[in-house]
Amino acid sequence: MPVLQYESIKRNLRPIIDLVPDPFWWGSFIIGYIKVIAFMGLTTSWNNSWEFYFVNNYAVSSVIALCFTLLFFSVPLLFKGRSRLWVTWVFSAILAFLLFADLVYYRGYGDFLTLHLIAQLANLEDLGGSIVSLIYLPDALFFIDCLLGLLLLIVKRESGKEIRRQIPWFLLICVLAVGFIYSAHYRYDRVENGQNQIVFRICWTPTDTMRNLSPVGYHFYEGYVYFKENQVIELTPEQEEEIENWYVQHQEDSPADQYQGIFAGQNLILLQVESLENFVINQSYNGQEITPTLNRLVQDSIYFPNFYEQVWNGTTSDAELLTNASVYPVRRGSTFFRYPLNEYNSLPKLLAEKGYTTQASHPDNAGYWNWVQALTAMGFANTLDITDFGMDEKIGLGLSDGSYLRQMLPILEQSEQPFYDFIITMTSHGPFDLPQEYRELEIEPQLDRTKLGGYFQSIRYVDKQIGMFIESLDQKGLLDNTVIVIYGDHEGIHKYYNDELAGIQPQEDWWMANDRKVPLIIYKKDMGPKVIETTGGQIDVLPTVAYLMGIEEEKYAGTAQGRNLLTTQRDYAVLADGTFVGTSKELEDHAIKGLTLSDLIIQSNYFDQKEK
């Protein structure tokens, strides 16, 4: 009787059971979601082996991760019978492998797999040993459910034949998941403009983009960006002619001066300083110089006080593009993320033709702003990321500038000369929380606790490290044959915390004005001072430095959007938002048009196509 009752109940519940996805699907989905959350915790921790860290605003990201995981596993619901079970297993295996591959790649490069990287699988030919060294035993946990599921499918060969297609469930999941994701995108990206949360936007570090979207969402969005936004466009004949005419109008017939080629054959160090603004140069607080080293260097430098930041969405990476390639960044997103493989007639290529060895270094992960891939394509023969340095002192985002610059010294000493080294600092990045033992300026506690006080302390710290770095170069005999170009990548306190300045009391006029200027200092030992008042910007670094290094103007006249600030008769800069500054008002339309044309140049990979 109990058996008959069980069969009767089972028969009566069959219509309801048929409406609900099978247990194998539910188990695969739930375990998959747990693995997704675990992955997000692993890749947002400082130690990315098997330590977890979950950021404060994880609630929205967790729900978005749930929605993307549901969408991923909704596809098997379109199948019936044992096909459903096998398709579910295949999707579980795909997710497991994706998480595993992303985690391994992240450990080595601070980035996740992309279609750009997959297109370059040939580069992995000699990296087998390195890849194996990045795999840890606990990584096998990603695959345990797949192995158990496979065994279950093999042992229970007759199970699942009665499973029906569940299109209503598929549609319900799609509607609810897509609805929530879109509502989150509308609220956080469009209404709040990313102030509290970001969904569909590429962040400066891949971990933030992944955390906001989840691994599944990250790869979905990365694929969308790759196919919809990153594809090389084909210029019309009219557009090509427009670009060519712009470059013709851009050229000047300025006479050479005494600075032409004065540094030819000498080593070049381009030092990009994080968040360094011009208003702190030659400025003091309570009788204390904020930048005593830079103030001293200006006395043996060509100094440009009317030099503007021109970065856009790519911030730091945009500065690298502007200075080394002399083109404006794209109007949407990061150029290094969207077009990392573009060809440019860049400063490293121009110097390589003169016999220079070229190298770029960041004390951070290779994936930050996708800088390694982009700068390699730009022509740097060698790149050094955080894996090439000892992490013996962490301040803020990563390796301290003091440790970084100390570790760069033996590298420079062993470099084949003449060399061009592009060096990027990090410690003065916001929020300017410098450790107490390094806060050397004597500032009242109420100011020292503010972002402005922290900014002064951070810049003073970096200034000191630059001084020690240059002194060591001198002691090692490198400084006599080396020119050092120092500039800020973008504003710091005024760019990110300008609203807080109004609340600081007492106020001083010299720190209140947001003029969007960063310093450009071209230092050579015992050179003597020279101040160039001409208005310019980061896009002018390449033609200016190339002129000093003895590179013929015809080598870059048809590719550089910047001007030689030492000889130009034109006084202007175009800021990233289209603002025109300077006295050459008659050139405003031409200058601003350069922004639009730069978009076409980058999106079409113009210089590569031109060479062909």
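The backbone N, Cα and C atoms fix where each Cβ goes, and this holds for glycine too.
Residues or ranges marked as transmembrane segment by TrEMBL: 24-46 (among others).
Below 8 angstroms of C-beta separation, residues 21, 25, 28-29, 32-33, 36-37, 40, 87-88, 91, 95, 165-167, 169-170, 173-174, 176-178, 180-181, 184, 188, 197, 199, 211-217, 220 of the same chain, each at least six residues beyond the ends of the transmembrane segment (58-79), sit close to that stretch. Here TrEMBL flags 58-79 (among others) as transmembrane segment.
Within its own chain, the transmembrane segment (86-106) is flanked in space by residues 24-25, 28, 31-32, 35-36, 39, 42-43, 48, 72-73, 75-76, 79, 112-113, 117, 131, 134-135, 139, 142-143, 145-146, 149-150, 153, 207, 215-216, 219, 367, which lie at least six positions past its ends and keep a Cβ under 8 Å from the stretch. If you look up TrEMBL, you'll see 86-106 (among others) marked as transmembrane segment.
Sequence-remote contacts of a segment are chain residues at least 6 beyond its ends whose Cβ falls under 8 Å from one of its Cβ atoms, and for the transmembrane segment (134-155) they are 24, 27-28, 31, 35, 49-50, 82, 85-86, 89, 92-93, 96, 99-100, 103-105, 107-108. Taken from TrEMBL, the feature transmembrane segment applies to 134-155 (among others).
The transmembrane segment feature in TrEMBL is assigned to 167-188 (among others).
Annotation source TrEMBL lists domain 'Sulfatase N-terminal' at 266-551.
Mapped onto three states, the DSSP output places T316 (Mn(2+) binding site) in helix. Residues annotated as Mn(2+) binding site in TrEMBL: E274, T316, D489, H490.
In the structure as shown, the Cβ atom of T316 (Mn(2+) binding site) sits within 10 Å of 23 other Cβ atoms. According to TrEMBL, the feature active site maps to T316.
H429 (substrate binding site) carries neither a helix nor a strand DSSP state and counts as coil. Here TrEMBL flags H429 as substrate binding site.
Nearest in space to H429 (substrate binding site), taking C-alpha to C-alpha distance over the binding-site residues E274, T316, D489, H490, is E274. Away from its own ends, the transmembrane segment (24-46) comes close to residues 52-55, 58, 61-62, 65-66, 69-70, 72-73, 76-77, 84-85, 88-89, 91-92, 95-96, 99, 102-103, 106, 142, 145, 149, 152, 160, 207, 210-211, 214-216 of its chain (Cβ-Cβ under 8 Å, at least six residues beyond either end). Of the binding-site residues H429, H490, H490 has the largest number of other Cβ atoms within 10 Å of its own Cβ. For D489 (Mn(2+) binding site), the count of additional Cβ atoms within 10 Å of its Cβ stands at 26 [all protein chains shown]. Mean model confidence of the domain 'Sulfatase N-terminal' (266-551) amounts to 95 (pLDDT, 0 to 100 scale).
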